[in-house]
Amino acid sequence: MPKRTFTKDDIRKFAEEENVRYLRLQFTDILGTIKNVEVPVSQLEKVLDNEMMFDGSSIEGFVRIEESDMYLHPDLDTWVIFPWTAGQGKVARLICDVYKTDGTPFEGDPRANLKRVLKEMEDLGFTDFNLGPEPEFFLFKLDEKGEPTLELNDDGGYFDLAPTDLGENCRRDIVLELEDMGFDIEASHHEVAPGQHEIDFKYADAVTACDNIQTFKLVVKTIARKHNLHATFMPKPLFGVNGSGMHFNVSLFKGKENAFFDPNTEMGLTETAYQFTAGVLKNARGFTAVCNPLVNSYKRLVPGYEAPCYIAWSGKNRSPLIRVPSSRGLSTRIEVRSVDPAANPYMALAAILEAGLDGIKNKLKVPEPVNQNIYEMNREEREAVGIQDLPSTLYTALKAMRENEVIKKALGNHIYNQFINSKSIEWDYYRTQVSEWERDQYMKQY
């Protein structure tokens, strides 16, 4: 989606010309959930003057009730009209930053926090941090009450075509809606698991790319519903098949120059690229809870399902955490393969960027690339070459996060503490549950 710049007068003009009747002021909470305040277009001037207030105490991880007043400051460049709204008037969306009553950015706003980390990047001489995400999702049928079932929409596989891929019509409509909203769609296809799909859209600067991910999720769920399907970004909804990932392809720029590219080295990579990679590898255990935030996330990060379990990097090999795709020049990038689509994109990207900057600032040395299939190596072989495991549960991921000062810096005290507290409660709740699997295994035997 190309970067656009709008003024207040532009917004007024668009609202009138398009017969906009409602405005959705959108923001994202710490858990990655999209929130919005909907107001009639008669409130447009208050919106443009940053005067729209909401109760922050009602949002997960924001503030206590005695300090709850928050203001929404819209980013005018995020103006878009939802294509599926018409009839009595259209609905327009503006993504907002959250501000406190004293006029300063709220430290618990993930979008504002990402901007803070980007400022740190700029202080090191870089101008842009670009992200190209690869989000995957499943489509399940709805029952007669409109509730999701476990019945898949098809039994297709990787890149399968119709008639096997019965979700093709839904996926096509999603692509059309996204294009109407300004997305530059690069690929759309069936993924490995039945009912699993991937739609890739063009990279963008860090904040815009994260905005696009949140918009993408909303569009996918909305259009799926119109096809009597439920779209889920749950990382591992089914046993025995691949889970859904959201690989992050990232690159640093200095002006128009890709800071990761050097045509005169063996792999075409700069020392900056190696240092950034080293920082990501060093801090990977610490940011795993942010990039894989659900109990369910760790059902995906197991051997045998094309998801990374081990902390290593390679140029071609897809089994490590980090891969360096073969494209060079302006397209030079590193691919962080552990991220799943349940992650808050603003927080995940802030953590990965801070980890990479840690490598650059401290001139960390990257280990040797691993070009063999790590899944086929035993523990002794992995340990011999210094390959660590990613955390295998949310509990161990939170433990690693508590021990990592770089990730604490990436998120800031407020988000860091609120996230750990919320996720610790989630883990404790899960830990005390009794599952159907346990009853099936033990009820009769004991």
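Quick reminder: no glycine exception, Cβ is built from N, Cα and C everywhere.
Under the heading domain 'GS beta-grasp', Swiss-Prot lists 18-103. Secondary structure of the domain 'GS beta-grasp' (18-103), assigned with DSSP and counted as helix (H, G, I), strand (E, B) and coil, comes to 17 helix, 38 strand, 31 coil.
Swiss-Prot lists Arg64 with the feature site 'Important for inhibition by glutamine', giving similarity to another entry as the kind of evidence.
Annotation source Swiss-Prot lists domain 'GS catalytic' at 110-446, citing sequence analysis.
Within the same chain, residues at least 6 positions away in sequence whose Cβ sits under 8 Å from that of Glu335 (Mg(2+) 1 binding site) are His247, Phe248, Asn249, Val250, Ile322, Arg323, Val324, Pro325. Taken from Swiss-Prot, the feature Mg(2+) 1 binding site covers Glu134, His247, Glu335.
Mapped onto three states, the DSSP output places Glu191 (Mg(2+) 2 binding site) in coil. According to Swiss-Prot, the Mg(2+) 2 binding site annotation covers Glu136, Glu191, Glu198.
Cβ contacts within 10 Å of Arg318 (ATP binding site), excluding its own Cβ and spanning all protein chains shown: 12. Residues annotated as ATP binding site in Swiss-Prot: Glu186, Ser251, Arg318, Arg323.
Taken from Swiss-Prot, the feature L-glutamate binding site applies to Asn242, Gly243, Arg300, Glu306, Arg318, Arg337. Shown in sequence order, Glu191, Val192, Ala193, Gln196, Arg300, Tyr305, Glu306, Ala307 are the residues of the chain, 6+ apart in sequence, with a C-beta less than 8 angstroms from the C-beta of Asn242 (L-glutamate binding site).
Between the two most distant C-alpha atoms of the annotated ATP binders (Glu186, Ser251, Arg318, Arg323) there are 21 Å. Geometry remark: Glu198 (Mg(2+) 2 binding site) versus Arg337 (L-glutamate binding site), CA distance 15 Å.
The two recorded residues Glu136 (Mg(2+) 2 binding site) and Glu186 (ATP binding site) have their Cα atoms spaced 14 Å from each other. Residue pair Gly243 (L-glutamate binding site) / Glu134 (Mg(2+) 1 binding site) shows a Cα separation of 13 Å. The binding-site residues listed here (Glu186, Ser251, Arg318) include Arg318 as those with a Cα within 10 A of the Cα of Arg337 (L-glutamate binding site).
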